[in-house]
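Feature annotations, reproduced from TrEMBL:
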BINDING   ASN104, HIS109, GLU114  oxalate binding site
BINDING   HIS107, HIS109, GLU114, HIS153  Mn(2+) binding site
DISULFID  CYS30-CYS45  disulfide bond
DOMAIN    57-207  domain 'Cupin type-1'
SIGNAL    1-21  signal peptide
Amino acid sequence: MGAFRSIFLITFALVFGSSYADPDLLQDICVADLSSGVKMNGFPCKNPKTIGADDFFFAGFAQPSIPNNTVGSLVTAANVEKIPGLNTLGVSMSRIDYAPGGVNPPHTHPRATEIVFVLEGELEVGFLTTSNKLISKVIKKGEIFVFPKGLVHFQKNIGWTPAAVVTAFNSQFPGTQSIAATLFAASPTILNDVLSKAFQINTSEVEKIKLKLKPKK
């Protein structure tokens, strides 16, 4: 019994003691070869002789973006697709700019927890637990809020001036699923009857929403 207990404790420590969002790296660096046709969990490494400082650099946060869209927010991602040197490092960031009244609509990041730091403005932010409890707060310049991994969350600029945040993730590629677009702009499309019953609306309303959210070509 003592030996079994020891094996169980060792197994538990190995599994839960290393439960990071991304697998740990096995070498100093593994700069992503984004042009490789090899499919794997992550990206294959570039030849170390070909890597340089630019593989670890990104200037996309230097200037605010202008949210010229219907929701009034624009996300600038700094993940492994933008910074190949992030491959296997288990971190990434983004900058979000909001017009007055702009919203980053309800969405999830299936592979990462997110922490938000307010650069400018005042926002109402929140997330929903799996028991449908809303955890929300108004945050302003210099303040931080955390969105747990996989939970639906949102942000809204409640001020009269533009707002901006910087976010960090414990994944090189956290992924994003926008709730509305995921359900109403899927390809192939979800049956109207399914969405009609789920949202308790008629199928003509489902069609209207699908048309509004249809990706622009």
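Just so it is clear, glycine is given a Cβ too, placed from its N, Cα and C backbone atoms.
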Restricting to the recorded positions CYS30, CYS45, ASN104, HIS109, which ones have a CA within 10 Å of the CA of HIS153 (Mn(2+) binding site)?
ASN104, HIS109
What's the CA to CA span in angstrom from CYS30 (disulfide bond) over to GLU114 (oxalate binding site)?
24
Taking only the binding-site residues ASN104, HIS107, HIS109, which one has a CA atom nearest to the CA atom of CYS45 (disulfide bond)?
HIS109
Using the CB centroid of ASN104, HIS109, GLU114 as the oxalate site centre, which other residues of the same chain sit with their CB within 8 A?
SER94, HIS107, THR108, VAL116, PHE147, HIS153, THR167, PHE169, PRO174, THR176
